[in-house]
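Peer 1: Below you'll find the structure I mean.
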Amino acid sequence: MGKASRDKRDIYYRKAKEEGWRARSAFKLLQIDEEFNIFEGVKRVVDLCAAPGSWSQVLSRQLYLPAKSSAESKEGDLPLIVAIDLQPMAPIEGVIQVQGDITNARTAEVVIRHFDGCKADLVVCDGAPDVTGLHDMDEFVQSQLILAGLTIVTHILKEGGKFIAKIFRGKDTSLLYCQLKLFFPTVTFAKPKSSRNSSIEAFAVCENYSPPEGFNPRDLHRLLEKVGSPSGGSDLDCSSGWLEGPNKVYIPFLACGDLTGYDSDRSYPLPKEADGSSYQSLDPIQPPIAPPYKRALELKKASAQSFNS
Ligand code: SAM
């Protein structure tokens, strides 16, 4: 698909370039905030799986830049934003970048060091593995990434804090919901308008972090496994009997973002240039600087060149 054609079919792709976002995902976080007000009072935030950086841009524009331009803010008062990804990403004002793996236990320590021993008010995670198209497999790998995010959360999120994580809807959604409910009294699955209906992605919005009494992060996996077992914890029993028949749990699921706004599943005509000339598609704001597919692109280019020569 050419750039202009994609501009027509994907209004959020076009708007992202017009508004200077590195990826259309920026709108998802903005629409989640419209509904849940997630940035209120946030001073320390962690962006897990951040590259190419559109969520970090949102954090910078919503939290860091307004505080920086406010006359009252002193250097030490500015919000701290830490972004982590396996891939490197181009710098963003007010964002501390860490190249690392969120499944590695050390990553939490690195974050805490950047926060001078303090904990975060908000953790966001838009992580995604390389999607295979096999839904069960993709959902499983995605749930492992969320659990890695949750592991980090149990080390770095302050009590009362929020966690936003991308999920893939599937047969284990209820189990994931129950696992998150162990730590957050309020969990809502949200579908921002900018996320296509055809996509199985949604976002878990988890509010008011309250780990179980006496919780030790080292016991996390044992606790999560228990939730899915028939002898699961009595206070939140997600064993199969609880998920079926008259006892079935209904998961709060919410569409968010201005419902009269742009629909990500519709095509929109391209605007006319002011001088009547034809539409010029914009280049992406900041392509990934070292994507995992870089080598594949180089090989493809080299083979095309050798074919033509
Ligand atoms: N939120 C980003 C934005 O708005 O630009 C987009 C994130 S992209 C959909 C998913 C990212 O997850 C990729 O950059 C990938 O490198 C990262 N990722 C996947 N597994 C990871 C892991 N184990 N640790 C850190 N990052 C990971």
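Cβ atoms are placed via backbone N, Cα and C, with glycine included.
Pasting the relevant annotations from TrEMBL:
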DOMAIN    21-209  domain 'Ribosomal RNA methyltransferase FtsJ'
BINDING   Gly53, Trp55, Asp85, Asp101, Asp126  S-adenosyl-L-methionine binding site
ACT_SITE  Lys166  active site, proton acceptor
REGION    267-291  region 'Disordered'
Peer 1: Please report the distance from the Cα of Asp85 (S-adenosyl-L-methionine binding site) to the Cα of the residue listed as 'active site, proton acceptor', rounded to the nearest angstrom.
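Peer 2: Each residue's Cα considered, Asp85 (S-adenosyl-L-methionine binding site) and the residue listed as 'active site, proton acceptor' end up 15 Å apart.
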Peer 1: Counting each residue once, how many in the region 'Disordered' (267-291) are helix, strand and coil under DSSP?
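Peer 2: Tallied per class, the region 'Disordered' (267-291) gives 0 helix, 0 strand, 25 coil.
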Peer 1: For Asp85 (S-adenosyl-L-methionine binding site), which of the three DSSP-derived states applies: helix, strand, or coil?
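Peer 2: For Asp85 (S-adenosyl-L-methionine binding site) - judged by DSSP and reduced to three states - the answer is strand.
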Peer 1: Which one of these binding-site residues, Asp85, Asp101, Asp126, has the sparsest Cβ neighbourhood, judged by other Cβ atoms within 10 angstroms?
Peer 2: Asp101
Peer 1: Any idea what the Cα distance is from the residue listed as 'active site, proton acceptor' over to Asp101 (S-adenosyl-L-methionine binding site), rounded to a whole Å?
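Peer 2: Here the two Cα atoms lie 17 Å apart.
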Peer 1: According to DSSP, folded down to helix, strand and coil, what is Lys166 (active site, proton acceptor)?
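Peer 2: Lys166 (active site, proton acceptor) sits in a strand per DSSP.
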Peer 1: Relative to ligand 1, which of the recorded positions Gly53, Trp55, Asp126, Lys166 have a Cβ found under 6 Å from one of its atoms?
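Peer 2: The qualifying recorded positions are Gly53, Trp55, Asp126.
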Peer 1: Of Gly53, Trp55, Lys166, the recorded positions given in the record, which has the fewest other CB atoms within 10 A of its CB?
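Peer 2: Result for the recorded positions Gly53, Trp55, Lys166: minimum number of other Cβ atoms within 10 Å at Lys166.
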Peer 1: In Å, how long is the longest CA to CA span across Gly53, Trp55, Asp85, Asp101, Asp126, which the record gives as the S-adenosyl-L-methionine binders?
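Peer 2: Roughly 18 Å, rounded to the nearest whole number.
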Peer 1: Looking only at DSSP and grouping its letters into three states, which state does Trp55 (S-adenosyl-L-methionine binding site) belong to?
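Peer 2: Helix, per DSSP.
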